């Protein structure tokens, strides 16, 4: 806004006779926008609107759709799998916070303190992030295998082998550990940019005032990263609440529904049970809950600015 | 950063205290453990792809192969029709890239530079979609593609590729950063909007197009789930989908061949990353700063 060189229409010119002139003047501006607007309507807004609509319909590709009122929603609330899925999703989100959330924060502070080989450490931490998902699944299925490397390590330490994937107590932990391995590097880089942007003189001044290393981290580094940490936390909550791909690829929601997340249940309703209506209703419910989280984020952000 | 004193949280005098030295040493050790943990599974995949199948399955496993069986890679290459799936993936990648640059490039240029009446409303209309969680409309999206008759065609990837608010935002921010005087001069010299986009904006936008190309490449290369829903016929599968269906879910398959295939699939993105690593890591940090 208000940049130099920007041509504005003076208000007095906006008479109806000039309308055509205005349109002609902006013809190419609108033509440039047209493809994007059409594509956004056709492939985002139409599906979103259809989502709201289809949740009240029974979808039948052959005989056409029939309006069923709230039946889909009633089915959702009577399906015990839905409650299992909600519980599993919350458990999964909790695990990603306990196992995964703090790792990139600690790693970014530690790597920022490296005097040598900092670039190498960054590359090594980020490298798993570029490993394609399907390779990740094949790789970690073997890592977790009863005769794989992790159990090899455990047996050399004298611990009994653990079947990480097929034991329902371990399966979700195994997935979260695998995903942390793959994804923490990208979060680490984001935090690292934050850590490195803290002016060094602050540490200098704190040291002269007699602050120890730990109190410098506690009173300078962490407070400077505060808003970034909150942002990353909200992004992680939004992201992990929709997770299903690893659960689907590694375990198909098993063993005994232990890794059946909410989004995976949507997929299963649609493509296993072929009940697209109920799947859409589940999606709508998710949309409502996540919008509330989004609103909360917006409110928190606003408070942050007003402080 | 250049003017700051040569120190981090720790200064040189801190490192002279014995307790700090021990803690610093532990920290360095911790980073070393992390690096080994990061690299081990990747190297394991490579070395397992070089072992005999029997050696892969021995317990406890050892890291380096006893004999180097390069023939596994040849067998893996022929196990499924990798060149065909590779061609499909590249097809999706190129189409998505062209679509993104054409549709979103023009739109972000218009929003950023041409400022038509109501451009704020259109901007808002595009950005709103960022806040709608993708899995909540995944199923209607699929049904919509079916209604449009796009299932089992590559258009089901190419056309929706133009509907990314995130890439739109990246390009708009980039165009915002170009000096307006350049376009002003072109306009005075009588260049049309099309000309000033093609002759000025596009050549200046090579860095942002390269960033997008890397993102879109990794998207096309990695996504296995959506193509497995949208595509039905085997000769259209993308590489990741084919690997998922025929390698990850294969019941009876030699582990050594499996690892050889997985390694071959992993090499191109790792290669792209290592070549462009400075560039990629900078754009990762930037994306966070801009929110």
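Cβ coordinates are placed from backbone N, Cα and C, and glycine is handled just like the others.
TrEMBL does not curate its annotations; it predicts them automatically.
Values in this document were obtained by computation on a predicted structure and should not be read as measured data.
Residues or ranges marked as domain 'ABC transmembrane type-1' in TrEMBL: B:86-276.
The transmembrane segment annotation in TrEMBL covers B:21-43 (among others).
Residues or ranges marked as transmembrane segment by TrEMBL: B:90-109 (among others). Counting residues 6+ beyond its ends, the transmembrane segment (B:90-109) has Cβ neighbours under 8 Å at 126, 154, 157-159, 161-162, 164, 167-169, 171-172, 174-175, 197, 201-202, 205, 209, 212-213, 216-217, 219-221, 227, 238 in the same chain.
The annotation transmembrane segment is assigned in TrEMBL to B:121-143 (among others). Away from its own ends, the transmembrane segment (B:121-143) comes close to residues 107, 111, 160, 163, 165-166, 168-169, 172, 229-230 of its chain (Cβ-Cβ under 8 Å, at least six residues beyond either end).
What TrEMBL lists as transmembrane segment is B:155-175 (among others).
If you look at the transmembrane segment (B:196-221), the same-chain residues 6 or more away from its ends with a CB under 8 A from one of its CBs are 89-90, 92-93, 96-97, 100-101, 105-106, 109, 113, 157, 161, 167, 170-171, 174-175, 178, 182-183, 186-187, 238-240, 268-269, 272, 276, 279-280, 283. TrEMBL lists B:196-221 (among others) with the feature transmembrane segment.
What TrEMBL lists as transmembrane segment is B:257-276 (among others).
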Point to revise | Within-chain partners of the transmembrane segment (B:21-43) [C-beta distance under 8 Å, separation at least 6 from its ends] | key: 10, 15, 63, 266, 270
